[in-house]
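Q: What follows is a single structure, and I will ask about it in a moment.
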Amino acid sequence: MKILKNCILLIIFGLLSTQLINADTDYCSLLENALMFYKMNRAGRLPDNDIPWRGNSALNDASPNSAKDANGDGNLSGGYFDAGDGVKFGLPMAYSMTMLGWSFIEYESNIAQCGLTSLYLDTIKYGTDWLIAAHTADNEFAGQVGDGNVDHSWWGPPEDMTMARPTYMLTTEAPGTEIAMEAASALAAASIAFKSSNPTYAATCLAHAKTLHNFGYTYRGVYSDSITNAQAFYNSWSGYKDDLVWGSIWLYKATQDSDYLTKAVADYASGGVGGMAQGNSHDWDNKAPGCCLLLSKLVPTTSTYKTDFEGWLNYWLPGGGVTYTPGGLAWIRQWGPARYAATAAFLGSLAGTEKGTDFTQKQVDYLIGNNPNQQSFVVGMGPNYPINPHHRAAHHSTTNDINNPVNNLYLLKGALVGGPGSNDEYTDDRTDYISNEVATDYNAGFVGALASLVNPSSTSVPTTTPTVTETPTETPTETPTETPTETPTETPTETPTETPTETPTETPTETPTETPTETPTETPTETPTETPTETPTETVTPTPTVTPTETPSSGESLSIYKSGLKNDFQDWSWGEHSLTDTTNVESGETNSISFTPKAYGAVFLGCFECIDTDTYNNIEFDINGGSSGAQLLRITVVKNSKSVGSKLITDLNGGTPIEANSWTKIKASFIDDFKVSGKVDGIWIQDIKGDTQSTVYISNIIATA
């Protein structure tokens, strides 16, 4: 009985503690600092000195005709750097501005209550100004500035960048429906946000939004097929079906022109967008959940949208399908889980239900430190907050070294880091980009969730209910590419430079920062333990709902790749590779992996805790050096989202270089060679030279007893 009484007292204390923390939380201060993070990521000629340690940067960024702005700087010099790097990726930047615009529209009164209206609108405008500048002609848009591989191979503040920064354009011949529609969405949302305070600017935003919508809708194509440099960082995993709907919804909201809504309704049905939302995150790649939510409000007479949104939200609630950490974070994937939970929390706040509001409250509480470890995931705020996020400017190395100085020189206050592992484990380690990268899209959903909690009893702005014609007034010019129901989200945003330290993600030199920002089902992720200084920024790993393609054979071996991925393993690589190469195939196989080592890229095949090294003692694979051989590569084992052991392939081959035009079997012991035990998440094979090497081929990757 005494034990029972103590348990009851502990439960009551826990509930009271939560209530007190909620009551005492200054959401206005959190919101202000979350917005100030964007000032820390500004590029171009800065209009103020609000962040004294940031200066002018990327002043020569321009469209291919070297156009200048009013200050004589490149016309694309402004905008936001994506994450902890110096690249301007058009898709996540536009997505971030759409999300900020959306939260402003929904929670304008809460924002005003905090006295943050001016800061909020300034934050949006700094991004939308760049989107307008990037829209250089009716059917032309600058989708990216900066070479991700080159940028990620250097570690230092953006003010010191000297590398070439190419601009990648989208045109009618090189279309990019995702970016065109996302930029249209951002500018349409901005036109609503600025309508009362700056009607002239609002009109400019809307004019560009209409033209961009027409560009994306008429000239269809996957943007990362046109801007191939983006594939290792922000590949379009979901295709553009969701973007067609998303863009049309926002144009309808801004114009009340029913033609846009008719398109949205038709494309939602034909593209299977409701299905794309289920079991997934709302993020820069997949806007399907947001489409369900907005259409449920715009077309309340059609139950499909409400049903689809409720299905999505229920998945995120306890017991609904998404993994929950022991401390209570809704954890959908290992790359930057905090960002997904924060964005889901924002959408939950708009559900108009008690369970949605409760979900929002609990997720934000966890992120700001109300969790068993009393660990905040917001830099500079809450208990035990991070101080070493993966961010070049805040770290401020002058020696191209991710480890020097030991601690970041400047506090990136208000930035949401990637977040914990599935068991709430977390280490404040700059080189661990999976847990410690920050990015504009990470904060975008977080800002919205915070704005909702300033006054949780406030309701979002109601939307007009239109009359919808079920048949589109314009038939799509092309059937959008197919989208998986599960979409990876991102790939690295950065690549290490050269001096490795430990778990680089992309280009060694130091320790990588983060190769993808997320780990896609197909590209991104992490980087070596040795050279890289950083890896890509956003590789997203897809929601783990894949059906295994092969069952391991009675404990003797576990196939990872055999003419294709096996047993739930996914492609989280960053770098130039193919999983379906047929030009150099081992006898008895139909495909091999081709990999062109350069810029510290890697082939990363992962599956969370799928290899139990107590059962499978070794990792084996066959490798062919192709036309030249002698490639300098390293194999790294990943556990709990971190590299835990690494060996040069040459060393595993008895000191013999990789042989040209011949298949060689490589075998390594998890315990003896990598000093690792327990369950691990996979392996990556990475370039350690930096310069481009000849293509290598890999086959038959298995874990053996």
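FYI, residue positions are counted from 1 along the chain as it appears here.
Including glycine, each Cβ sits where the backbone N, Cα and C put it.
Not my notes, these are from Swiss-Prot:
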{"type": "CARBOHYD", "residues": "Asn75", "note": "N-linked glycosylation site"}
{"type": "ACT_SITE", "residues": "Asp85", "note": "active site, nucleophile"}
{"type": "ACT_SITE", "residues": "His390", "note": "active site"}
{"type": "ACT_SITE", "residues": "Asp428", "note": "active site"}
{"type": "ACT_SITE", "residues": "Glu437", "note": "active site"}
{"type": "REGION", "residues": "455-556", "note": "region 'Disordered'"}
{"type": "COMPBIAS", "residues": "462-552", "note": "compositional bias 'Low complexity'"}
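Please situate the listed features within the shown structure.
A: Secondary structure at Asn75 (N-linked glycosylation site), as computed by DSSP, is coil.
The DSSP secondary structure for His390 (active site) is strand.
Spatially close to Asp428 (active site) yet at least six residues away along the chain are Pro386, Ile387, Asn388, Asn436, judged by Cβ distances under 8 angstroms. Classification of Asp428 (active site) by DSSP places it in coil, neither helical nor stranded.
Secondary structure at Glu437 (active site), taken from DSSP and collapsed to helix, strand or coil, is strand.
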Q: Identify, among the active-site residues Asp85, Glu437, the residue whose Cβ has the fewest other Cβ atoms within 10 Å in this structure.
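A: Among the active-site residues Asp85, Glu437, the lowest count of other Cβ atoms within 10 Å belongs to Asp85.
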Q: With Cβ-Cβ distance below 8 Å and at least 6 positions apart along the chain, what are the contacts of Asn75 (N-linked glycosylation site)? List them in sequence order.
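A: Ala62, Ser63, Ala67, Lys68, Asp69, Ala133, Thr136 - these are the non-local Cβ neighbours of Asn75 (N-linked glycosylation site), listed in sequence order.
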Q: What does the structure give for the C-alpha distance between Asp85 (active site, nucleophile) and His390 (active site)? Integer Å is fine.
A: 9
